[in-house]
Amino acid sequence: MEILSQVLARNAWLIGERNFIVTDKETITYARFAELTAQLANVLKARGVAKGDRVGLYLPSTPMMAIGFWACQRLGAIPAPLSAMFRHAELRKIVAQTGMKALIADGSTWPYFSEIRAEFADLAHCLVVSGDGSTDDLTSLMVTASATFEDVACHIDDICALFFTSGTTGAPKGAAQSQFNQCSTLRDMMVSHRTRFAEEVYLCAVPLFTNFGLTVTLNLCLYTGGTIVLHERWDTQRVLSDIGENKATYFGGTPTMYVYMVNEVDPARHDLSSLRICTTGGSPVPQPVIRRFEELSGARVTQVYGSTETSGQNVMEPTAGIRKPGSAGLPVGSSRISIVDDEGNAVPQGEIGEVIISGDCVAQGYWMDEKASAEAFGNGGWKSGDLGYVDEDGYLFIVDRKKDVIIAGGHNVYPLEIEALLYKHPAVAMCAVVGAPDESKGEIPVAVVVRAVGHDATAEDLIRYCRESLAAYKAPRAVHFIDNMPVEAAKIRKRELVLALRENRLGDFRNR
């Protein structure tokens, strides 16, 4: 099996003149990308960065994030992509935990890190794209560096990256992925999606600091010799326009992104007919949204399931054949799924339990966190924290996050079930169901909703609608309307809603 640096060398030689990265500012061919990664690898090497050293990539979704990741592959260093939204608390923990030798930032992120730079004596070098003179100016350094580099020999079991969890269920943890994890995942996705070498055009609007953006989209694009149209931030109208203008064939996005597109698309101006492979994950997409997007594009939207800890997409709806609404699909490649009870025992088919993922995809643990690793990893598998079941055909159905289950008067209430129903109501553009304290029940389900444009449904309307289809204990006891759903990396941040409810601050999410 190839390692990542060999994949880049292969493509630079075979399809060097093909465009790899396209943005609204520049176009980079495979040959030029190989030169840029060589230049950065030389800059890092000259500053003492060697095989196994950690390099922080505190960058937005620009070509430099890709260059930084792949330069580290050539050097044998371990890149740690960091969310451009991380601030002091997250940065302090991650820099200290990883023992970074160098950090790369740009003008948008450096101001935040510069305020705490003095706290890290062991962080030898900070390189800033177009620096202001107070740090090493990475742009100038790369221009004068050699565009050739002899790749450092790496083993298939070497750690190739630290991907940090989003922190939506606690402090970010660095999943240590090996060359084998990454390359196995890319191979499995290439086969499952039936990608065509050097023919696909990927549109990426998912943040590159995420596994979804970097591994599942950008690295898959490079692995398959594709072209990637890279968006630094989400802009619905630009995404819709760029699909047609670039004849994109592959789009992977969160459910929220599909909701935005369906709500804003104008068939007279936006041509989505070039799309061939469309994926979504993170949570189920409302079925009406899927149907509408498929009508507009002619492409099948495939539900996928995976995680940072398992390198990418481990379960996927079949691209052809039986489709089961609400299902995440079937295991991909070497991935295997098992469902267990609280004691770790397998449960009978059809019964709900915790989803365990095993196979070549499973990361080596959390970097420098033995306690968290022991709790989450074991026997070649990873405990997802998701509740689900497998049906008679082997299809996986996710019921909810284990930690999100609401215990209402002794009954288990799964927010995803209520959200799926609410999304079928025409007045609901976005929604989230969370638990709220209750003196008699312990907890009760509460819905937070963004109304669809042109609709004025009341809380009573939506509660009554839910009670027509759900048991009384599952129906929301209250519905709160807001204008702006708290979103990070296109995922709803339920923890913010829970806190706002408890502190009576939902008004923070309403337009003044």
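Think of each number as a place in line: the chain as shown, counted from 1.
Note: Cβ is positioned from N, Cα and C throughout, glycine not excepted.
DSSP places the residues of the compositional bias 'Polar residues' (307-316) in helix, strand and coil in these numbers: 3 helix, 6 strand, 1 coil. Taken from TrEMBL, the feature compositional bias 'Polar residues' covers 307-316.
Residues or ranges marked as domain 'AMP-dependent synthetase/ligase' in TrEMBL: 18-367.
Break the domain 'AMP-binding enzyme C-terminal' (417-487) down by DSSP state and the numbers are 15 helix, 26 strand, 30 coil. Per TrEMBL, the feature domain 'AMP-binding enzyme C-terminal' maps to 417-487.
Long-range contacts of the region 'Disordered' (307-328) within the same chain: residues 163-166, 175, 177, 181-182, 184-186, 188-189, 192-194, 210-211, 215-216, 277, 279, 281, 284, 287, 300, 335, 337, 357, 359, 361-363, 376-377, 382, 384, 388, 391, 393, 395-398, 420, each at least 6 residues beyond the stretch ends and with a Cβ under 8 Å from a Cβ of the stretch. Residues or ranges marked as region 'Disordered' by TrEMBL: 307-328.
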